[in-house]
Amino acid sequence: MNDVFLKALPVLQKLTTAGFEAYFVGGSVRDYLLCRTISDVDIATSAFPEEVKEIFPSTYDTGIAHGTVTVRENKECYEVTTFRTEGTYEDFRRPSEVTFIRSLKEDLQRRDFTMNAIAMDEHFELHDPFFGQLAIQNKEIKAVGKASERFQEDALRMMRAVRFLSQLDFHLDKETENALQKNIALLQHTSVERITVEWVKLMKGPAVKRAINVLLKVEMETYLPGLKGEKSALIPFASWEWDKRTTENVIWLGLAVAVKKANVTSFLKAWKLPNKTIQLVNQAYQYALNGKEYWQKEELYYAGKEVFSLVNEINVIRGQENKQNELDQLYETLPIHSKKDLAITGGDLLEWADKSAGPWIKDTLDKVESAVLSQAINNDKKHIKRWLGYHEE
């Protein structure tokens, strides 16, 4: 049995000893059945939140309104959630009310897909009222109950379906795919931040091409930031050589290059990306758009290692030769890698010139930077001083 489950087992045992039901649920059970890496576990119980808090001496009210209490056990924290049913969904995301219950089956019934609606007890026996194991054997993503109802409860589940398709290399069952197509417009009610997280996970899966093809088939791109009308650009984009090691920066640079937006910054901001990511992708965009493979030393210097490495990575994904080693070697031959590496500072210039600070300092440092970079002069303080025409003291 997986060590993650064994370490968390005392939590289940304490709950059952107190007279309650308790199970491992959700993604951890699914991934166990798929022999995938498990990083953490979720625990569901018939104990109500206050009852959970009575059993464990160290708890935190992390989501108590929805029945979740974080329990500290053996120096680890575990989320323990009470079985619950949910009222109507008012915004295609959040239930209007949550009711705590004692029935495992009713709790599993509210979950998104059958493969995620399997529970495992303290004896590691599986409880699978919706045939999630069969779906896993058939490599099938199948909604629990009526697919349209599940998607209308939380529209993000449609994005999750396609993400799971990519991650697990599964396929959608017919009813789930039909419901996806029928309800796809509801995705516009989902926050961009949640969509962005799912997109990145999708792009790191082994079945990216199939996932994006399904996404395009149901016209999901219409409701993704900046991708409406970009079907013809996304078809070849899906065929690039993506893999799970792909970084987020490469994903966003690749998408920007594929759709060729006039304003890259606005496109990336629409996905609510961090400013650092937007800035880096912007710096690399023009190089990547042209598929730049061959660089002069000065180009490597002004682009910087992070940018030229990013451009090379997207080139490789598009089928070009990997030139990272030779680019790194050429970069290492540069006399300096940034202006900070210059042997002089603005303070030196002020001392030598004996005049007030002004724009002339930046202009002079730029001139020195260019001269050192072209190796017209050595990056040596005395040498630079003489070259600038200041006499030695």
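A Cβ is built for glycine as well, from the same backbone N, Cα and C atoms used for every other residue.
Not measured: the values here are computed from a predicted model.
Its Cβ placed at the centre, Arg111 (CTP binding site) has 20 other Cβ atoms within 10 Å. Per Swiss-Prot, CTP binding site is recorded for Gly27, Arg30, Arg111, Asp154, Arg157, Arg160, Arg163.
Sequence annotations record features per position, and here Swiss-Prot assigns ATP binding site to Gly27, Arg30, Arg111, Asp154, Arg157, Arg160, Arg163. Taken residue by residue with DSSP, Arg111 (CTP binding site) is part of neither helix nor strand, so it is coil.
The Mg(2+) binding site feature in Swiss-Prot is assigned to Asp40, Asp42; the stated evidence is sequence analysis. Around Asp40 (Mg(2+) binding site), the same-chain residues at least 6 positions away in sequence with a Cβ under 8 Å from its Cβ are Val4, Ser28.
Between Arg157 (CTP binding site) and Asp42 (Mg(2+) binding site), the C-alpha separation comes to 19 Å. Taking CA atoms as the reference points, Gly27 (CTP binding site) and Asp42 (Mg(2+) binding site) are 8 Å apart.
DSSP gives Gly27 (CTP binding site) a helix state. With the fewest other C-beta atoms within 10 Å around its C-beta, Asp42 stands out among the binding-site residues Asp42, Asp154. Looking at the residues that bind CTP per the record, Gly27, Arg30, Arg111, Asp154, Arg157, Arg160, Arg163, the two CA atoms farthest apart are separated by 21 Å.
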